[in-house]
């Protein structure tokens, strides 16, 4: 049987004394946590050990200068092989073995490594006494030179409670005021605010702030990391937003932007008009039905004319609106980006309208054609049985049905072309919005704190351990050095991503193509209403 | 007259495993039974002398008589000549030999005459139901006319951008479909596909008529006027939808008159086509002759080559008489 003893490196050079630690059941291992030095009163030591909850084993650590050779007698069996695994106590204490969830109590079924890590991290109370304390028991452990602490951390801890309380109060007041004003117009406002990205982003950030500013301490490692990640991403967001504001307002760029906006909108409208004129002619050599072409083309041209008039009406106010909107970037770059996405949606509203008209017309036509084709063959859709059945029609039904079928069939290419053109335009706009949304999502969910930890203190996120041989000679027990294997970067990002309302495509490609073919309205991005982890 | 009697098949003694002579001693004592699940001392593909005893050939064979078949084939010929007549009218309008208004008025007159004949030949019910039928007929007629008139301006520019060859090809296809799917046995409610195909073809043709020069002075001269389209569609309705009903009524009530009418239709079809396109008339006459006289001959001649076999291996037919289950 092989016995493993996990021995802290800081105790290598300690004076001789009593080793205290834990015995891991079922694994034939022991974790040594500290050394109690002579002289001590056995009664007090027993009381202390019992208070702290360790097991004191009656071993003696005899120090003989440089490398300590330990003679030990194991109670019980003789002639077993012993392996000494040296570990760095501070690192193991502060690190967290992944995968962290679910946090289960240490039972016999958890793995040995997990038990070792868990034992060390749960023995925090043992490490409070350092050598400057006046207690009857003198210990050596990783903190015995003096407890670790920093002034900044302490100050922040003291300041955090009132700040958290203040933030929480502000948030409660804000949400109350918003909900009060919302009571006035329940349905339209809620619908609009669910469609606008900026409102969604705002509510999302409010939720985050509520998480961060809750006065209770984070209990588990996951909660702690999540709070820290949210806080860091919020800081990053605000910093980037402030940078953006600085850049925007420095050389009156807002004014330039406002001045460039109107000609841009005009140009978009002109391009659309040219496109419609091209469609009304003979586009790409296709032969369109002239009458229908003219009707549709004139209808859309009138819409564009209305839109341009509207934009020109708004032009004196644009600069002021942009100025105030730019100020709102202090709430974060994500908010500014979602505002931009909303502005794009509003500016291309006419494209959306055209798409809806074209799609509805096309959908109606396809529906009519399929139904009349069935009439052509003398069949009917049986709603009860959900299948196509034969049917004997009256003469006038047949006659009118055939006439309508002929008309719809010959008008199909014209409608299909308009539908195609406007669907493509709409897809372009949706793509642009999608890219913006993806950026916002990325900033929202990126775990900056976890990555910083991984870079600067890689031992805190442990994936496993690696052993290197220190001393291997026959006749002496094997000495191994245990080093922590840090988590891979990709695993860090994957594990600590903040849950977002990320948008992802609602339909598969095949379903999307089918919807496009039938003329159903598509909304390709769907916001998840429930968070995923 | 051809007669076919079912022949019987002599048992083949040279099949393997026949119980008269195996060469390896006398046959087994147990006779062979035609069951599937019992293990018998015979090989699996053994058959005995009763093999193919139940084979019957050509049972239920119909005896055709030449002139009866000719009379039935005359219906097909008549429908073909109907189509030819319709095409003749279109050709006349296209070449400007007939003006649409004359055609329209004559069509209306024919419709009234036909309706009169229909009512005269029809079964004499009580006046109340006749009144109601007349009222519903009037409703139908007004719906037809109003819809057609309303859609004519749309219909006339429908195939403007399609090339003429495509239009002619579509028309030919649709008329062929009409002839193929026509319910010759029961033409009184016209079949959906045949009527629709004929109407589709007529719409295609109607949009290809040359324009009325008085009405379309400033426009493209090849776009037809609404009156042309309307006339065409009315005549299509008359020829393809209403004429078969009258024909069926005639056939039921006055068979001799029916024969005369058939002949008249054939002759007028050929004659009409001949006045514009003599080659077409010859072709039509040939087709009519072939369908009416040649095909029945072929049918009867080939009956002697028939060789159907029936037996207990045929699929079971469910007879419709399930009344014995209803107590």
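Glycine residues also receive a Cβ, built from the backbone N, Cα and C atoms like all the rest.
TrEMBL does not curate its annotations; it predicts them automatically.
Here TrEMBL flags B:1-11 as compositional bias 'Polar residues'.
Per TrEMBL, the feature region 'Disordered' maps to B:1-25.
According to TrEMBL, the feature transmembrane segment maps to B:66-92 (among others). Sequence-distant neighbours of the transmembrane segment (B:66-92) (same chain, 6+ residues past either end, Cβ-Cβ under 8 Å): 98, 103, 175, 178-179, 182, 184, 187, 202, 205, 209, 232, 235-236, 239-240, 243, 247, 262, 265-266, 268-270, 272-273, 275-277, 284, 287-288, 291-293, 295-297, 299-300.
Sequence-distant contacts of the transmembrane segment (B:98-118) (same chain, six or more residues past either end, CB-CB distance under 8 Å): 89, 92, 137, 212, 225, 227-228, 230-231, 234-235, 238, 242-243, 245-246, 249-250. Per TrEMBL, the feature transmembrane segment maps to B:98-118 (among others).
Remote same-chain residues near the transmembrane segment (B:167-185) are listed as 72, 75-76, 79-80, 83, 159, 191, 193-195, 197-198, 200-201, 204-205, 207-208, 240 (criterion: CB distance under 8 Å, separation of at least six residues from the stretch ends). The feature transmembrane segment is assigned by TrEMBL to B:167-185 (among others).
Per TrEMBL, the feature transmembrane segment maps to B:229-246 (among others). For the transmembrane segment (B:229-246), the residues of the chain that approach it from at least six positions outside its boundaries are 82, 85-86, 89-90, 93, 100-101, 103-104, 107-108, 110-111, 114, 117-118, 144-145, 148-149, 152, 155-156, 178, 187-188, 190, 194-195, 198-199, 202-203, 205-207, 209, judged by C-beta separation under 8 angstroms.
As annotated by TrEMBL, transmembrane segment applies to B:258-277 (among others).
Residues annotated as transmembrane segment in TrEMBL: B:283-300 (among others).
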Surrounding residues of the transmembrane segment (B:283-300) on its own chain - C-beta under 8 Å, 6+ positions past either end: 2, 64, 66, 69-70, 73-74, 76-77, 80-81, 84, 266, 269-270, 273
